[in-house]
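Enquirer: Mind having a look at this structure? Questions to follow.
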Amino acid sequence: MAKRPGPPGSREMGLLTFRDIAIEFSLAEWQCLDHAQQNLYRDVMLENYRNLFSLGMTVSKPDLIACLEQNKEPQNIKRNEMAAKHPVTCSHFNQDLQPEQSIKDSLQKVIPRTYGKCGHENLQLKKCCKRVDECEVHKGGYNDLNQCLSNTQNKIFQTHKCVKVFSKFSNSNRHNARYTGKKHLKCKKYGKSFCMFSHLNQHQIIHTKEKSYKCEECGKSFNHSSSGTTHKRILTGEKPYRCEECGKAFRWPSNLTRHKRIHTGEKPYACEECGQAFRRSSTLTNHKRIHTGERPYKCEECGKAFSVSSALIYHKRIHTGEKPYTCEECGKAFNCSSTLKTHKIIHTGEKPYTCEECGRTFNCSSTVKAHKRIHTGEKPYKCEECDKAFKWHSSLAKHKIIHTGEKPYKCK
């Protein structure tokens, strides 16, 4: 069972509770934190709780943890004057602690010292360090504390370079592991190693197929609360992220961010090869394959390869005969949504594509593209045999018959 230290100057140990390491905020303090800091707070509190649980503590789940697991705003935000109680553990003389060693073991290596200048009587050093100025590491930690032991800054666990202010029961070995990359925690089943208890616990949930979060609507279970929240939005149709410009709503903030670029015209992803810019990173990835010639998506049926996955999906329908897009007007079916969209224009008589040069309108984008070659004189289709060029692919096909001597048209 994890222990906690007694009053200053005492070596007596008592039982450690979650409240000892829980950090609570007043409403004003909580509103001062930005989104990233609030997320950091959630992560730290959940990790602390899991660490205590993994050490064999049999406690009922606190309301604060229940709220945080459901991504809710903490309901019991209040002022908790714990800033002066957070000790500093010297990482300079820290010994490597094995995962089997409990928080009790690490606390037994720590004794209370008093810093008269800053008035914080519960700051702690390793036994081997008698004074704060004994090593450069302590000096740095002490100076930082003297400058910024304000409630909010201390509560969000700010790190100055490599000198970190730990909460009362943190194991500094875990902090060091983040810098050194050492992974002391091992999964007994598969042997995979981790730096932190929370990462090990998360991994164990996956390979044991334990799904703690259940949808009340359909009974489906999930490994993580965030996955459950995501699933619920699909069922309810909830779209909480709304564009202020046009009112369109989205399920995820990332979708709203991408959508806003339509209004701003922002294209942050630029091709280093040709300079063309795109709104989405995935579009840039697909575009780069034009330059590299890479075609990673291959048809298992005929071996034909494609640069984008969607092109392979459409191609496979040639083999299967699947035509999932049906015209409601005439019942004709198509294997591609864009082909259906083009077809519908036949019924409406709409001609949405206009030539900027002469004003002529067309019902298909490919038709207006071909038409523009009349104005530009562009001839993109070239005969490999004689280098003669043509505006349209059909003209090139007819021309090739001259070289092959083929006579495809037969009198019946």
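Heads up, residue numbers simply count up from 1 along the chain you see.
Cβ coordinates are placed from backbone N, Cα and C, and glycine is handled just like the others.
Small disclaimer: the values here were computed from a predicted structure and weren't measured.
Annotation source Swiss-Prot lists domain 'KRAB' at 16-87. According to Swiss-Prot, the feature zinc finger maps to 157-179, 185-207, 213-235, 241-263, 269-291, 297-319, 325-347, 353-375, 381-403, an assignment based on sequence analysis.
Looking at the shown structure, can you explain where the listed features end up?
Expert: Summarising model confidence by region, the zinc finger (213-235) averages a pLDDT of 70.
When the zinc finger (269-291) is classified with DSSP, helix, strand and coil residues number 11 helix, 4 strand, 8 coil.
Residues of the same chain lying 6 or more positions beyond the ends of the zinc finger (297-319) and with a Cβ under 8 Å from any Cβ of it are 286, 289-290, 335-336.
Counting residue by residue with DSSP, the zinc finger (325-347) contains 11 helix, 4 strand, 8 coil.
Listed by sequence, the residues of this chain that lie at least six past the ends of the zinc finger (353-375) yet keep a Cβ under 8 A from its Cβ atoms are 342, 345-346, 391-392.
Among residues of the same chain six or more beyond the zinc finger (381-403), those with a C-beta under 8 A of the stretch's C-beta atoms are 370, 373-374.
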Enquirer: Can you break down the zinc finger (353-375) into helix, strand and coil residue counts using DSSP?
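Expert: Counting residues by DSSP class gives 11 helix, 4 strand, 8 coil.
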Enquirer: Take the zinc finger (269-291) and find every residue of the same chain, 6 or more past its ends, with a Cβ under 8 Å from one of its Cβ atoms.
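Expert: Result: 258, 261-262, 307-308.
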